[in-house]
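These features come from TrEMBL:
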- 17, 18, 19, 20, 21, 22, 23, 24: ATP binding site (BINDING)
- 10-160: domain 'APS kinase' (DOMAIN)
Ligand SMILES: Nc1ncnc2c1ncn2[C@@H]1O[C@H](COP(=O)(O)OS(=O)(=O)O)[C@@H](OP(=O)(O)O)[C@H]1O
Ligand SMILES: Nc1ncnc2c1ncn2[C@@H]1O[C@H](COP(=O)(O)OP(=O)(O)O)[C@@H](O)[C@H]1O
């Protein structure tokens, strides 16, 4: 069974960071590489999750916490069946992230937290979905990192700098961490 082979078992890699930090782009680049290497991979994209699993939830603290715990629940289930799960989701609160880590630890499922540590000024320039512009124009409130909290991870398994680096390089750094932990 694949989950019993060294380096062939499942794991969850959570990519936390601000909107436009690069979470999704790095997850997709890493997923492509891992798939080519013959691994079963699932990207639990934040936007897709909010359309289906978390439909109806908003962005206040309670709803974000519920959203993150749901993603953590599904991630752990998939990872326990040998899937490498990539979860690019803001997850702004340390408590919610800790709950997800504990769920994995309790089940003996490997879990890695990656902080995509792009500064808010750089994210606001990238502004992939126009959220920073909308917040500045007064069309949106409660934007993570601007007028809503982002509690930086105090001890992530990896902190990624993305400025001056390609998404491929950033994905490579996560891949190296997976290799170091015997997960690929
Ligand atoms: N107010 C506010 N704050 C933050 N993000 C917002 C907001 N409104 C919409 N969005 C968009 O929602 C995308 C998914 O967010 P997440 O599910 O990852 O957020 S959370 O973990 O529940 O906090 C998130 O995706 P990414 O940009 O990929 O991070 C945002 O684009
Ligand atoms: N090293 C890097 N890693 C990831 N994305 C990068 C990097 N450098 C620039 N970018 C760009 O930043 C943007 C990040 O967008 P996205 O991945 O959707 O962010 P998030 O999922 O965190 O909201 C993309 O346009 C991407 O091309």
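The backbone N, Cα and C atoms fix where each Cβ goes, glycine too.
Note that this is a predicted model, so its numbers are computed, not measured.
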Cβ under 6 Å from an atom of ligand 1: which of these binding-site residues qualify? The list is 19, 21, 24.
19, 24
Counting only other Cβ atoms and using a 10 Å cut-off, which of the binding-site residues 20, 24 scores lowest?
24
Remaining residues near the recorded ATP site, that is with C-beta within 8 Å of the centroid of the site residues 17, 18, 19, 20, 21, 22, 23, 24:
15, 88, 90, 116, 118, 123
Residue 19 (ATP binding site) has how many other Cβ neighbours within 10 Å of its own Cβ?
23
Around the Cβ of residue 18 (ATP binding site), how many other Cβ atoms lie within 10 Å? Please give the count over every shown protein chain.
26
Looking only at DSSP and grouping its letters into three states, which state does residue 19 (ATP binding site) belong to?
coil
